[in-house]
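Engineer: Following this message is one structure expressed as structure tokens.
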Amino acid sequence: MLFKQQAWLRQKLLVLGSLAVGSLLYLVARVGSLDRLQPICPIEGRFGARGQAEFPLRALQFKRGLLHEFRKGNSSKEQVRLHDLVQQLPKAIIIGVRKGGTRALLEMLNLHPAVVKASQEIHFFDNDENYAKGIEWYRKKMPFSYPQQITIEKSPAYFITEEVPERIYKMNSSIKLLIIVREPTTRAISDYTQVLEGKERKNKTYYKFEKLAIDPNTCEVNTKYKAVRTSVYTKHLERWLKYFPIEQFHIVDGDRLITEPLPELQLVEKFLNLPPRISQYNLYFNATRGFYCLRFNIIFNKCLAGSKGRIHPEVDPSVITKLRKFFHPFNQKFYQITGRTLNWP
């Protein structure tokens with residue numbers, strides 16, 4: 001009997017020892033991978049509080065884990081205070097454009113440990129009812145963050161709404177503004193596709209794209225169609241330039257963000273004065289979905305919602321040609337103003 005108990009005890013100790021060694025090896029590998037993937041790199045005080053000390057990115061990555069716990073709603077005001085959490089007004093806003101890739105851009109920038117995103121579109125500056133609630137209401141819609149981090153929100157309707165530039169200017173005249181654009185005709189069709197899907201979900205009929213984009217009376221491009229108007233980027237940008245210098249804007253190539261996201265994200269990091277942190281490790285192509293997904297660490301991955309990357313309906317080639325011819329002079333002016341030439345037909 002004693003022999004059996006001793007044998008059982010030895011077997012138990014062997015199992016526990018194996019688990020302990022396995023856990024130790026995992027932690028060593030984990031720390032090693034974090035050291036490789038999250039190098040300690042100072043965040044310059046250009047985007048933080050005045051006179052703040054340098055803050056290691058790895059520390060911010062650790063704090064992001066704490067932020068995730070606070071977002072679950074289990075934290076008290078005292079816990080928030082003890083962890084120096086604040087709700088900051090955004091230092092950068094993705095102002096548009098609709099169906100240009102605003103959600104993808106926001107989620108990809110959130111890979112950076114110094115960036116904290118507002119999960120929902122706030123629609124503060126383009127909605128009169130929300131705007132009337134005041135700037136404190138807007139600030140309280142922002143996520144909790146640490147003072148060294150940048151809060152970013154995105155509301156694509158900002159770009160085309162007339163009142164928005166002045167309203168944002170009154171909040172912060174030095175704010176950084178991100179505009180993500182796609183080839184104008186492709187963007188217009190994508191815009192139509194989203195609306196079409198909503199109509200079909202409600203069992204409602206909807207006109208074909210060709211009938212909306214082309215005026216049946218003149219056979220010319222229908223400039224009253226919202227999807228067409230939104231794609232005339234230069235017209236909207238000119239309104240913004242009455243309040244902000246072009247240096248406060250950064251143009252993101254939404255088509256390239258789909259096929260080759262890292263170079264576009266690195267340009268945004270530079271524009272926001274962020275130390276380079278997003279790497280190829282953080283982005284992996286999902287063949288099933290047909291676009292890139294996000295890798296935050298060796299455990300947590302994320303793909304965009306299934307509603308992204310909708311299949312566009314077939315459109316009459318002659319209509320596509322007509323639209324591209326219509327957009328061409330506006331595109332040339334957009335290149336000239338922004339200093340960025342995009343490979344649009």
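In case you wondered, yes, glycine gets a Cβ from its N, Cα and C as well.
According to TrEMBL:
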type	residues	note
DOMAIN	90-334	domain 'Sulfotransferase'
BINDING	Lys99, Gly100, Gly101, Thr102, Arg103, Arg182, Ser190, Tyr292, Lys308, Gly309, Arg310, Ile311, His312	3'-phosphoadenylyl sulfate binding site
ACT_SITE	Lys99	active site, for sulfotransferase activity
DISULFID	Cys293-Cys303	disulfide bond
Engineer: List the Cα distance (Å, whole number) between Cys303 (disulfide bond) and Gly101 (3'-phosphoadenylyl sulfate binding site).
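Structural biologist: Between the Cα atoms of Cys303 (disulfide bond) and Gly101 (3'-phosphoadenylyl sulfate binding site), the distance comes to 14 Å.
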Engineer: Could you tell me the C-alpha distance between Ser190 (3'-phosphoadenylyl sulfate binding site) and Cys293 (disulfide bond) in angstrom, no decimals?
Structural biologist: 20
Engineer: Sequence gap of 6 or more, Cβ distance under 8 Å: name the residues on the same chain that satisfy this around Cys293 (disulfide bond), in order along the sequence.
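Structural biologist: Correct list: Leu283, Tyr284, Phe285, Asn286, Asn301, Lys302, Cys303, Leu304.
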Engineer: How many other Cβ atoms sit within 10 Å of the Cβ of His312 (3'-phosphoadenylyl sulfate binding site)?
Structural biologist: 12
Engineer: On the 0 to 100 pLDDT scale, where does the domain 'Sulfotransferase' (90-334) sit on average?
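Structural biologist: The predicted confidence over the domain 'Sulfotransferase' (90-334), as a mean pLDDT, is 94.
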Engineer: Taking the Cβ of Ser190 (3'-phosphoadenylyl sulfate binding site) as the centre, how many other Cβ atoms fall within a 10 Å radius?
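Structural biologist: For Ser190 (3'-phosphoadenylyl sulfate binding site), the count of other Cβ atoms within 10 Å is 20.
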Engineer: Given a separation of at least six residues and a C-beta threshold under 8 Å, show me what packs close to Gly101 (3'-phosphoadenylyl sulfate binding site) in the same chain.
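Structural biologist: The answer is Ile180, Arg182, Val252, Gly254, Leu257, Ile258.
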Engineer: Which one of the binding-site residues (Lys99, Arg103, Arg310) has its C-beta surrounded by the most other C-beta atoms within 10 angstroms?
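Structural biologist: It comes out as Lys99.
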